[in-house]
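Look at TrEMBL and you will find 9-43, 44-78, 184-218, 219-253, 254-288, 289-323, 324-358, 359-393, 475-509, 510-544, 545-579 tagged as repeat 'PPR'.
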Amino acid sequence: MVGCGLKPNVVTFNMMISWYCKNSDVDSALRLLDTMKSYGVSPNLHCYTAVMIALCKAKRLVEVEKWFEKMLDCGLIPDDLMFQLLIKNLPFDHKPWMTGNVLDHLSRNGCNINISRFVRFCTSDSDEELQREVTLLFAEIAGSKIIPLKVVLHILLGSVCSRGKFNIASLLLQNMVDHGSAPSISHYNFLIKCLCKKDRIEDAYSLLCLMRSRGVHPNLATHSIVINFHCKRGDIDLALRVFDEMIQHGFRPPVDVYKSIIRSLCKAERMVESELTFDRMLQAGVMPHEWIYTALINGYSKMGKIVDARYLFDEMVYRDIQPCSHAYRALINGLVKANMFRMAGKFLHMMLEDGFVPNTVLYNMLINHFLKKGDIRFGLDLFALMVRNQVEPDLITFVAIISGICRNVLRHENMDFSLAAKLEEAKCLLFKLLSRNSIAPGKLTQNIRCATTEEKIELAREHMLLLLDVGLVPNLHIYNGMINGFCRANMRNNVNALIDSMDKAGVVVNQVTCDILMNAHINSGEIDRATDLFNQMNRIGCMANNVSLDTLLKGYSIAERGMEALSIFHMMRNRGFFPSKSSCYRLLDCLYQSHASDLAFRLFEEMVSLGYTPQHDEYNKLLFMLLEEESLEAAHKTFDMMLKRGKTPDNEAKKQLLNVCYKHGEYDLAFVIDKNIPVYEVLPEG
């Protein structure tokens, strides 16, 4: 450009500086800023803004102060945008300095502003003093007519919002109105965003109403702020409602809004809606980026829909979108979970070829999966390889290892042959890739013993000590994992000692801890102790959930206390909880044992309504019980339920059912049963 006789101007430099800053190359941007003088070009506010924000993000705060001083010495006064960006990116303790510096500079140039008043305003915690100071300070700065009122408002809003003084922020907005200048949409958006960050959504909606009443309508940014907030809180239905309003008002949602909604839907396992939203985005001409694909791949992988996850990964590559390490990990996670180890190895190889190095998250995922599959040795192999490859384990690593070992303390049975063969192949394949073909699986842990219950418990203890050696502190998940192991190994004294250690460390038991202990009591035949613990949960601050109630339901059923178990079942249903299928079967068996055929039949009907398809034996058991008591109507309804689900009773049960029909003169009913007609309602009346 210079060689052609063209001289760069401030716009040229501004574009180049902004590009360097955007790409985190702040040193090149600073060199370019110094170069401007040699071309006789003075940096403008945009140049300084780009550089200072980049320095803020790089945590180079001393240099921020230096360049801020340089800018003020050049006679440049920060505008609304610079204040907004600095307030957003500076640590809280630097904000009063930044604004005070500006005011001091203005005072030296003849603007009569009381800086001590601003300092009091920035540091006072008294609402009464703040209300007084805000009115005086706002009037003083506004009266100077040097800084625009909108900039004044943003300075003061940033200060009070950073301390959660939202009542003072509302007073600032009113002061703006009182001085004859309406706050802009950016001021309202700033305050709404601050309210959302503090989880004060009702106040945010009240401010939206006030804004509308003053003739200021929400813009694209307003809707985006509220949608992102609802998504972060998991209120996806509210986010979708605001999303629809946004489109109805003529706004085109940006890709970041689609990303928030799709990620939230995937997290809630609402994959059909997430895919519909994805299609809607494509139809609107908004091109997806890698994070949206990654969210969808992760969602499908977690739900076991690996074909859909593969399809999306291939589509991402087809669109020339480079998969990130998160996308690879999400897909590998789903493939390993589905025991598709060869395919997982293929994508791990692709990931390595693309230059991504296996990190802590990948190792944690693999360790967790293989321990869940019951292969302790391979989980430990992966941990040893992780350390050998200088990948630092974190707390999640130790949670996976300790919980995984403890979950398997009693597991001695042989693994399914086909799965064992797949796991053996997976070990060789994964180790070949992760170790760069330098070591065989099992070699790193050949001296570790993990066959018996005692050896597994000792191994879990060793890893708990190792956790402390690397400077980590056991959390509740670690303690719960160890408690689970001790309970499974019937080492009650160790459980009590560990709970005492938790108490001394300030770690409070939670609902999961109580569930583990309740289950241990139940397995030891101590249902009353389990009941006592359940009754104590609320008193110790643990809210019983679906798992807690289901555990107690199982306990009463095992103890053959059917009426109490049935009471828990109905309590769960009234609270909107779903008893597990296994607990329902235990309760059904308990009712069979006590010959409570009427209760068993009603429970059976409710199980079917919950979507649980009973086994063939369960149908036959119930049929025989009902026929023994000659409960013909209930027996036929049971038979009808079987036929509608493609099942038929065995010959003996059907023969008895027909005999009871003939005995009671129910010949039409006998005909329907004999011909397997599954429509109970077609029986002739009278």
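The backbone N, Cα and C atoms fix where each Cβ goes, and this holds for glycine too.
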Determine which residues of the chain contact the repeat 'PPR' (9-43) at the Cβ level, with the cut-off under 8 Å and only residues 6 or more beyond its ends counted.
1, 50-51, 53-55, 57-58, 60, 71, 74
Report, as numbers and ranges, every residue of the chain located at least six residues beyond the repeat 'PPR' (475-509) whose Cβ falls under 8 Å of a Cβ in that stretch; write 'none' if there are none.
395, 398-399, 402-403, 405-407, 409-410, 453-454, 456-457, 460-461, 464, 467, 516-517, 519-520, 524, 540-542
Hey, which bits of the same chain come close to the repeat 'PPR' (289-323), Cβ under 8 Å, at least six residues off its ends?
255, 258-259, 262-263, 265-267, 269, 271, 274-275, 278, 281, 330-331, 333-335, 337-338, 340, 343, 347, 354
So if I exclude everything within five residues of the ends of the repeat 'PPR' (510-544), which remaining residues of that chain have a CB under 8 angstroms from its CBs? That is, six or more out.
476, 479-480, 483-484, 487-488, 490, 492, 495, 499, 551-552, 554-556, 558-559, 561
What mean pLDDT score does the repeat 'PPR' (475-509) have in the model?
92
